[in-house]
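Working notes for the structure below.
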Amino acid sequence: MSANLKYLSLGILVFQTTSLVLTMRYSRTLKEEGPRYLSSTAVVVAEFLKIMACIFLVYKDSKCSVRALNRVLHDEILNKPMETLKLAIPSGIYTLQNNLLYVALSNLDAATYQVTYQLKILTTALFSVSMLGKKLGVYQWLSLVILMAGVAFVQWPSDSQELNSKDLSTGSQFVGLMAVLTACFSSGFAGVYFEKILKETKQSVWIRNIQLGFFGSIFGLMGVYVYDGELVSKNGFFQGYNQLTWIVVALQALGGLVIAAVIKYADNILKGFATSLSIILSTIISYFWLQDFVPTSVFFLGAILVIAATFLYGYDPKPAGNPTKA
């Protein structure tokens with residue numbers, strides 16, 4: 001049963017991530033009158049939707065009893081403040097990570113950023129080994145290195161994108177490099193820390209998602225105030241929202257639920273593979289649908305490497321002859 005849930009959750013993650021990327025691209029390219037929707041507010045609304053969905057799922061698990069739901073929420077969240085506070089750590093780190101990536105993008109050329117940021121694949125594996133005691137074989141480590149290279153090639157910027165930042169100073173590039181490296185380590189730690197909480201405590205995935213969403217909403221509202229406070233006060237929180245925007249928000253909320261399920265029933269490393277495959281899938285669909293991407297030989301090389309790495313990670317060599325104990 002758990003194996004079925006693992007592959008089902010990974011499949012849904014690929015579908016959700018691909019759909020989200022495509023709808024986000026499409027929604028941001030539409031030319032409409034009035035202001036565009038603010039991505040910072042969309043993140044907050046998605047967190048609230050995720051919380052509401054999780055409360056409904058807890059309600060369903062409580063045999064559709066409002067009294068039982070209130071008891072579960074009271075016992076598992078209000079009566080366990082320290083357990084709830086544990087989720088402030090990954091939520092805060094994710095917020096910090098988003099800010100670090102903004103600094104990195106402002107101080108690095110696109111190619112350096114894309115290649116360096118793929119180190120998060122290896123940092124996730126390192127934290128999985130050190131914090132969860134996960135054992136990886138030689139083929140699995142090799143597949144992670146190949147995956148890192150493949151994703152970097154798939155997302156390699158075109159010549160027109162590279163022309164933007166040729167005159168960056170050495171000091172500026174150092175700041176950008178430190179920012180992206182810190183983001184890589186924080187991403188790996190936060191993901192594995194959340195996995196450790198999900199797998200080593202008795203609270204359900206939905207309760208943990210409510211706790212994570214609570215802190216995510218707080219940090220998200222802080223982000224709205226800092227980055228878009230002036231625009232919100234001028235045009236409103238829901239400026240630019242339309243039917244497509246709500247689809248994007250709903251997909252983001254679904255992503256939070258699916259990622260938690262993937263981490264619970266699979267792990268962060270497999271999540272990385274699923275996300276990498278969705279990058280390729282969304283890019284190919286984008287070429288045919290949105291026509292905003294022209295595949296290059298570098299992209300095809302990266303796609304081959306990602307697919308090869310995926311198969312290599314699952315490769316389990318049969319011991320020949322008399323097996324020896326490690």
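Cβ from N, Cα, C; glycine included.
These come from Swiss-Prot:
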- 4-24: transmembrane segment (TRANSMEM)
- 38-58: transmembrane segment (TRANSMEM)
- 136-156: transmembrane segment (TRANSMEM)
- 174-194: transmembrane segment (TRANSMEM)
- 212-232: transmembrane segment (TRANSMEM)
- 243-263: transmembrane segment (TRANSMEM)
- 269-289: transmembrane segment (TRANSMEM)
- 293-313: transmembrane segment (TRANSMEM)
Handout entry: Of 136-156, 174-194, 243-263, 269-289, 293-313, whichever stretch has the most CB pairs under 8 A to the transmembrane segment (38-58)
Key = 243-263
Completion exercise
Relative to the transmembrane segment (293-313), the stretch among 136-156, 174-194, 212-232 with the most Cβ pairs under 8 Å is 136-156
Problem - Chain residues in Cβ proximity to the transmembrane segment (4-24) (below 8 Å; excluding those fewer than six residues from its ends, i.e. six or more beyond) - result: 244, 247-248, 251-252, 254-255, 258-259, 261-262, 264-266, 270-271, 274-275, 277-279, 281-282, 285-286, 289-290
